Ligand SMILES: Nc1nc2c(ncn2[C@@H]2O[C@H](COP(=O)(O)OP(=O)(O)O)[C@@H](O)[C@H]2O)c(=O)[nH]1
Ligand SMILES: [Mg+2]
């Protein structure tokens, strides 16, 4: 289960700058590679200090972190839903992502042209939102009449679908994003998910600020935060240009020093990936053995057999039990044997809800 995030925003707001930060983050730790699949698609590893610390104890052949695919989606402008700019192709790119990273320009710079002539992140956000909403309305309108007709003829599934489509349409007609709509029943939620609406995807607003505002943000980013709050969305402040400079530094120490000067403890890239994980309710369990220490991604709330299935479907089908070590215990006692001796190795059944950072060993038969 690899996470896929798309970076969207108007031209010249700093999307590619952010993408470049991500792509040079590879230098941050030698074992954490980034590779570019296409010029605008990259895979970054999810930063997780726990893997490094466990590896110091286990000395595995390799460390395998979780990965996240990032797509720099350019070409979204006013009228994109009608095919303006690079239009539909890019809306298609967005449809394939799990989460949207919406970059908003929150910096002044006369040398960098703004397509609409002034700096106004709220207006910018609405331009992009509107294009995505129009596309969603198109998706809805192409189905609504048909589903309503089938519902009237007594088809139960069509009835659920028609009510979901209608609820979405009402919100979108008011200029609201689909993600603001809540459904009452699991059936509706399921159908809603299957529509893959663009504005139903979780979003993270990234305020791209000037260097001086890297820590606390500025008046622009404050407005974005207020707007995001009203729709229950998250924001992140990143000084894109500065982070790009930092990413270009050679040593880890130099990078930390630069970050500290800005009043930050962690790079924007790290904060971004972590936010994306929590946005999507994703957590990490770990397997630790001689061959590898590896991070696995699962959705918060999943039980042991489901998590076993992330590794292999046979693990889920033949699940017997899970042996669970808490990360802190592994660090404290140093080896699996010592943890066992201390009576801290948990033997868990099929109802165990896996917790972030759990070191799992699944027992199964096939
Ligand atoms: N002053 C300043 N310039 C920035 C910042 N972020 C990006 N830029 C510059 O703005 C221009 C457009 O950035 P780019 O990332 O290519 O925008 P994109 O069109 O959204 O991909 C480039 O010249 C960047 O160097 C920033 O935080 N501050
Ligand atoms: Mg670009």
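Using N, Cα and C of the backbone, Cβ positions are placed for all residues, glycine too.
As recorded in TrEMBL:
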type	residues	note
BINDING	12, 13, 14, 15, 16, 17	ATP binding site
DOMAIN	3-281	domain 'OBG-type G'
DOMAIN	281-364	domain 'TGS'
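TrEMBL feature annotations superimposed on the structure.
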{"residue": "12", "record": "ATP binding site", "CB count, 10 Å": "14"}
{"residue": "13", "record": "ATP binding site", "CB count, 10 Å": "27"}
{"residue": "14", "record": "ATP binding site", "CB count, 10 Å": "27"}
{"residue": "15", "record": "ATP binding site", "CB count, 10 Å": "26"}
{"residue": "16", "record": "ATP binding site", "CB count, 10 Å": "19"}
{"residue": "17", "record": "ATP binding site", "CB count, 10 Å": "20"}
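One way to see the shell of the ATP site is to take the Cβ centroid of 12, 13, 14, 15, 16, 17; the remaining same-chain residues with a Cβ within 8 Å of it are 9, 11, 18, 103, 105, 208, 240.
Among the binding-site residues 12, 13, 14, 15, 16, the residues whose Cβ lies under 6 Å from any atom of ligand 2 are, in sequence order, 15, 16.
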